[in-house]
Amino acid sequence: MAVYLLAVAILFCIQGWPSGTVQGQAMSFMEVYERSVCQTREMLVSILDEYPSEVAHLFRPSCVTVLRCGGCCTDESLTCTATGKRSVGREIMRVDPRKGTSKIEVMQFTEHTECECRPRSTVNNGKRKKNPKEGEPRAKFPLV
């Protein structure tokens, strides 16, 4: 048994731990960079966040995995934005607690297919932000 554990430890030292790094060493800059860039990645989304009008039902599971844009851009003035989308189906159990019934059905979710870093000033939930007119204050605060 001790020989087996020693062999496994040596193998991990040579090949790296499952996380992709040798124990005690930092992840390389290139690996950190590649994992953090703006790209589609698997994310959990709440079914009720996607279907807010469905509050009368319970869903199992209560969230699903879909590809969504996420990650860092090279400049703080940019944000990772979806430039391509598609609809995907997921089998979900819908429970009606009032009737005591349940059924499995396919629900549609938006999945991102392409991402791009875009200026924050033009992205606001898919709508362009209104720029203040010249001479107009940027923010209006109530007088106290």
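Each residue, glycine too, has its Cβ placed from N, Cα and C.
Noted in Swiss-Prot for the protein shown:
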type	residues	note
SIGNAL	1-24	signal peptide
MOD_RES	Gln25	pyrrolidone carboxylic acid
DISULFID	Cys38-Cys80	disulfide bond
DISULFID	Cys69-Cys115	disulfide bond
DISULFID	Cys73-Cys117	disulfide bond
REGION	119-144	region 'Disordered'
COMPBIAS	132-144	compositional bias 'Basic and acidic residues'
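Known features from Swiss-Prot, placed on the structure.
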residue	record	DSSP (3 states)
Gln25	pyrrolidone carboxylic acid	coil
Cys38	disulfide bond	coil
Cys69	disulfide bond	strand
Cys80	disulfide bond	strand
Cys115	disulfide bond	strand
Gln25, Cys38, Cys80 screened against Cys69 (disulfide bond), Cα within 10 Å - retained recorded positions: Cys38, Cys80
For Cys115 (disulfide bond): intrachain residues, at least 6 apart, with Cβ closer than 8 Å: Cys38, Gln39, Thr40, Cys69, Gly70, Gly71, Cys80, Thr81, Ala82, Thr83
Tertiary neighbours of Cys117 (disulfide bond) (same chain, Cβ under 8 Å, six or more apart): Cys38, Cys73, Thr74, Asp75, Leu78, Thr79, Cys80, Thr81
Residues that sit under 8 angstroms from Gln25 (pyrrolidone carboxylic acid) by C-beta distance, when 6+ apart in the chain: none
Other CB atoms, at most 10 A from the CB of Cys73 (disulfide bond): 19
